[in-house]
Amino acid sequence: MSARRPSRFRLGGRRYSPAASLALAAPFLLLVAIIFILPLATLLHESLFVPAPTTEHYARAFAEPVYLRVMLRTLRIAALVTALALLLAWPMAWVMSRSRGLGLALLAAAVLLPLWTSVLVRTYAWMVLLQRNGVVNQLLQQLGLTEAPIRLLYTEGAVVLAMAHVLLPFMVLPIYSALKGIPEDYPRAAQMLGASPWATFREVIWPLALPGVTSGCLMVFLLALGFFVTPALIGGPQQMMIATLVSQQVREMLDWPFAGALVGILLVFVLALTLLFKRAVRLDRFVGSA
Amino acid sequence: MGGTDGLAGRVAVEGLVKRFGPVNAVDHVSLEVSSGEFLALLGPSGSGKTTILMSIAGFEFPDAGRILIGQEEVTWTPPNRRNLGMVFQRYTLFPHMSVLENIAFPLKMRGVGRAEREERARAALATVRLGEMGGRRPAQLSGGQQQRVAIARAIVYQPRVLLMDEPLSALDKNLREEMQIEIKHLQQRIGITVIFVTHDQTEALTMADRIAVLDHGRLQQLGTPRDLYEAPQTAFVAGFIGETNFCEGQLAQAAASGESVTVALTGGGSLPAIAAEALPAGGRIKVALRPERLRVLPATAEGTTARVAEAIYAGNATTLMLEGAFGQPLRARIPAGAGLHEPRPGETVRLAWQAADARAFRA
């Protein structure tokens, strides 16, 4: 019953030599190197060394209010998306964790089917719903809640809602797996010991689900920071987020060094957050359940 | 800690009925446990024993009947307001809290201050002889230690009644027997009422003041371990508690409970017995005869004889597999060390028993 420590560095199992293991992983590693690391490195290199070694591009990103606003909006939208996704995901994950058999299969399908559908399709679906003569506006008018169509598309609210929907599975799944790991006897024991349903949630369920909640929030927040399709289509130019800005710099302004600086800023931010929360998650595992 | 004020620790179950779909999980069960008593609910799986416990705990709500704790009806009271202690079958210590925090948890829920919480939690931990383990995490304890902490957590707020749902079933045999005695002593020391669910008859016989035997949701018999073993009232109880030989037969005349009867055996011959319950005329009958109550004597010309098919030595006793008596196989047990005749396989022996040890039941 000793506490398990994370194993030390090891490549492959006992059957394969490190060289063989490396060979097995090689195709994947090569692909990542060519389509991810190489372009990223080139872009970052441009941001720091073109035309001469400089920090000018980074300074510009923080100096000009337009760009600063885009970055702050990106942070705000990502935070709101995370909060909304958490609110929507928790009850779903709870019901799933207490379901079995066909009930669980149906709920899991409801979570996973959207994940297997193109983001583009799901985003266009939101556009159909939210546009000027879309389903939502027609419904509002028929119910007599509004006289004329109101603007739903190209608002921050629309972006948050659509992104939360698209990213929801990434919140539901880790929370579901954390909640599933809590035996039904724990809440029973807590109640028996005098805990009200609210106290049971606060003192037992929530702390035990926290690693899942942290993973889900981290995942959704990070994905939301760099999200392109949904904010570009639903938000339009007024609700521009950093990924759209990068695309604009590359495609319209042909300003690769500045685009590289924006990517660099986003990357540093993402890495910092990951490390910070990775630690929090680990720490929780250590003091938490076996 | 006391439970001496008469009715405070009394638990009464009145006419309890609980259905799960078409199945009567609990079928009109009534029983009463007095303050400070140790009652075991004993039965095979599906007998309704756990459902009864869960109704007392407040996790199941009955379709009919009432539950009373002390003088108060609690049938519809949620579990957190019943002020009962409970130890579960699986380990339920909260993994994100230390041992001491686990024990202090119910006190925290009752608004007890931090200093007093810690003091009382330490005292409870000492009660289960784990004084030095307070700072550990549950995962660092063995199964037996975890259940002892669970007991400390369930008694730290001095409930009048402690419910236990097969708390020892995950432990190995030796530890289980040790814990049985320990729980029994603890219960006597603090005078708490205990209702203990188990499917293990030895456990029930060892620990309980009284045992309620259940089968298919019905209460078969409620009595002391001695009553159940010596004077089972149904064939189920006779077969479930201890080991027994059943001889099938028929009865010509009806008999009242306690009456002496002579059962005509299906395998031939007849067997004098005591009617353990009211028996109808012409009905099928089972006579129960415990292996250790059969006396095995050297063969003589008269009496019931049998041939020893097999002799199984088990240290403290030898079990004989007998053939030829009552037209069916029988078992007899000879205790070791009493200097009794131990026949070899193939030998013919004479069997003797007291009439009161042969009990006749409806089959």
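Cβ coordinates are placed from backbone N, Cα and C, and glycine is handled just like the others.
Bear in mind that TrEMBL entries carry predicted annotations, made automatically and left uncurated.
What TrEMBL records for A:71-277 is domain 'ABC transmembrane type-1'.
Here TrEMBL flags A:21-44 (among others) as transmembrane segment. With a cut-off of 8 Å between Cβ atoms, the residues of this chain six or more beyond the transmembrane segment (A:21-44) that come close are 11-13, 256, 259-260, 263-264, 267.
As annotated by TrEMBL, transmembrane segment applies to A:75-95 (among others).
The transmembrane segment annotation in TrEMBL covers A:102-125 (among others).
Same-chain residues lying 6 or more positions outside the transmembrane segment (A:158-179) and placing a CB less than 8 Å from one of its CB atoms are 77, 80-82, 84-86, 88-90, 92-94, 96-97, 111-112, 114-115, 119, 122-123, 126, 130, 152, 205, 208-213, 215-217, 219-220, 223-224, 227, 230-231, 234-235, 239, 241. Residues or ranges marked as transmembrane segment in TrEMBL: A:158-179 (among others).
Look at TrEMBL and you will find A:208-236 (among others) tagged as transmembrane segment.
Nonlocal intrachain contacts for the transmembrane segment (A:256-277), taken as residues 6+ away from its ends with a CB within less than 8 angstroms of a stretch CB, comprise 40, 43-48, 50-51, 57-58, 60-61, 67, 71, 214, 218, 221-222, 225-226, 242, 245-246, 249-250. Feature annotation from TrEMBL assigns transmembrane segment to A:256-277 (among others).
Tertiary proximity for the transmembrane segment (A:102-125) is limited to same-chain residues at least six positions away from its ends with a CB under 8 Å from its CB atoms, namely 92, 95-96, 162, 165-166, 168-169, 172-173, 229-230, 233-234. Same-chain residues lying 6 or more positions outside the transmembrane segment (A:75-95) and placing a CB less than 8 Å from one of its CB atoms are 107, 111, 156, 159-161, 163-164, 167-168, 170-172, 175-176, 179, 212-213, 216-217, 220-221, 224-225, 231, 239, 241.
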